[in-house]
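Per Swiss-Prot, the features are as follows:
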ZN_FING   35-61  zinc finger
ZN_FING   62-89  zinc finger
ZN_FING   90-117  zinc finger
ZN_FING   118-145  zinc finger
ZN_FING   146-169  zinc finger
Amino acid sequence: MQEVIAGLERFTFAFEKDVEMQKGTGLLPFQGMDKSASAVCNFFTKGLCEKGKLCPFRHDRGEKMVVCKHWLRGLCKKGDHCKFLHQYDLTRMPECYFYSKFGDCSNKECSFLHVKPAFKSQDCPWYDQGFCKDGPLCKYRHVPRIMCLNYLVGFCPEGPKCQFAQKIREFKLLPGSKI
């Protein structure tokens, strides 16, 4: 049985392209309908959606990075106007209040993030080098390091007080890594 199931990734189904292109989706009957339970519009994320407010899919901007804790319990009343994500995504779950406040959570089926305080303060060495395979599920902190544009063109008036990285060596490298 496993041989039959394991080989399916090589096959493409005729409807996959239609789903990807959102074919067969009609326009909303009127503007302003609550779409908080709908999927995110693939075309909007690429800047290509022409349906505007009549699109049946959500037009979420990048700021919706954390799942709405009220939506998880079915209590969010803001709908499309909520600043948080209305989609169940384990990689974007909010932090557990009880675990962060008391260091323990008694709910064995808690879906919120349980982040150990020791890991909150440690930067991820892999992210600092450029890529972390664990992504948002990483137990370490991901702090973006941005090169100073003034330094790149020759001179930064802020000098060592500049908040941006000014030398390649300011990016933390793992032992044995080369630039």
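One is the number of the first residue shown, and numbering goes on along the chain from there.
The backbone N, Cα and C atoms fix where each Cβ goes, and this holds for glycine too.
Here the zinc finger (90-117) has long-range neighbours at 65-67, 69, 72, 135-137, 139, meaning same-chain residues at least 6 beyond its ends whose C-beta is under 8 angstroms from one of its own.
For the zinc finger (62-89), the number of residues in each DSSP class (helix H, G, I; strand E, B; coil) is 7 helix, 2 strand, 19 coil. Per DSSP, the secondary structure of the zinc finger (146-169) breaks down as 9 helix, 2 strand, 13 coil.
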